[in-house]
Amino acid sequence: MLRVAINGFGRIGRNVLRAVYESGKRDRIQVVAVNELAKPDAMAHLLQYDTSHGRFGKKISHDQQHIYVHHQNGEYDSIRILHLSEIPLLPWRDLGVDLVLDCTGVYGCQEDGQQHIDAGAKLVLFSHPGASDLDNTIIYGVNHETLTAEHKIVSNGSCTTNCIVPIIKVLDDAFGIDSGTITTIHSSMNDQQVIDAYHNDLRRTRAASQSIIPVDTKLHKGIERIFPKFSNKFEAISVRVPTVNVTAMDLSVTIKSNVKVNDVNQTIVNASQCTLRGIVDYTEAPLVSIDFNHDPHSAIVDGTQTRVSNGQLVKMLVWCDNEWGFANRMLDTALAMQATQ
C-alpha cells in the first residue's frame, strides 16, 4: 500500500483524491493527509461538490482535523488535515508518508523536494513541470520506464505536455518528425479575473468570461525536456477560452514520410489499442469540448479533424480534460515510482 500525502488541495489536489477512488486504485493507494491553508468545511464541501466534475460518488464528512471518505459498507477512510505553510514543519515522518503529491503549483525544485524528504517522505511528485534540477520528468506512457530507484524527486509535467507528448511520440515513431507548432486552446484558470482587475500580465487583467486571451506558454520547453532531439524544433502559443474545463490542442508537424489522413489516424488507433491503451484515445464522433469532461485519458484525437497537406504537413486536433486526465496520470506515475523502490 502506497501511503500518500497531498500538499495543496486545489483543483489538481482534489481531483487526485477523487481519482484514487474513481479509478479503482484505492486498494493500492491510501491518502493519509492533506495539507491546505483553507478551512476544513470548505475543503470538504469542494471535494463533495464540483462544478466541473459533479458530485463525488462517496459521502464526505469532516471535523477540524480530518476529512472522512465514507464507503457503502459503513466503513470510512480518515484523512488528516494539516494547515502548515512551510514544508519543514510537515509531519510526514510521524504519519508514515511514502510519497508526497505536491499540488501547490508553488514548489517545484530539487530543494523543495528535499525538504519533503527531510520531513520524512520517501518520494516526491510535483504536479507541474518544475525546475530542470529534478531527478526526472515523467510523461506516463512515454518515458515512465526511465524511472529508477535514484529518482526520488520527480515532476509529472503539465496537463498539456501529457496531452501532446504521447501523440508526438506516436507520429515520430511511425513517420519521423522534422518540426512542429502547437496552439493550446485552454479553459480558463484561477489565475484569471472574473471581472477586469490588476495582474502583472496585462492580458490577464481582463475578464476571463468575456474574451479569448493569449497567455505565455513554455510547452515547447516541456517537449524538449522529454525529447532533447527536438530542441528548437517546436514552438507553441496558448490562448485561454471562456470554458471552465477541457482543453484542445491544435498540432501541426512536418514529417519525413509521405502520408495520407488514413495513415495518420490508423497509427493513432493502433497506439490507443496497444502501447498507449488508457493514455491515448481516438474518436470520430461529432463531439465538442464538454463531451471530454471527466475523461481519464491524457489525449483524445478527433480523427475527423486530421488534415494532411502535400503529404508531409500533418495537422491534428487533440482533446484532454486538463484536470481529470492529469490527476489520473499523477496516480499512475506515483505507482510507477513506488515500483522502483
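Just so you know, glycine gets a Cβ as well, placed from its N, Cα and C.
Feature list (source: Swiss-Prot):
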- C159: active site, nucleophile (ACT_SITE)
- R11, I12, N322: NAD(+) binding site (BINDING)
- S158, C159, T160, R204, T217, K218, R240: substrate binding site (BINDING)
- H186: site 'Activates thiol group during catalysis' (SITE)
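This view paints the features noted in Swiss-Prot onto the structure.
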residue	record	Cβ within 10 Å
R11	NAD(+) binding site	22
I12	NAD(+) binding site	26
S158	substrate binding site	23
C159	active site, nucleophile	24
T160	substrate binding site	26
H186	site 'Activates thiol group during catalysis'	22
T217	substrate binding site	19
K218	substrate binding site	15
R240	substrate binding site	22
N322	NAD(+) binding site	25
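For R240 (substrate binding site), the nearest neighbour among the recorded positions R11, I12, H186, N322, judged by Cα separation, is H186. Cα spacing between R11 (NAD(+) binding site) and C159 (active site, nucleophile): 12 Å, rounded to the nearest whole number. Here NAD(+) is bound by R11, I12, N322 per the record. The longest Cα to Cα distance in that group is 10 Å.
For the recorded site, S158 (substrate binding site), the DSSP three-state label reads coil. Neighbour list (R204 (substrate binding site), Cβ cut-off 8 Å, at least 6 residues apart, same chain): D191, Q192, Q193, I213, V215. Annotation note: R240 (substrate binding site) sits in a strand segment as assigned by DSSP. A Cα-Cα distance of 7 Å separates N322 (NAD(+) binding site) from T160 (substrate binding site). When the Cα atoms are compared, H186 (site 'Activates thiol group during catalysis') and T160 (substrate binding site) turn out to be 9 Å apart.
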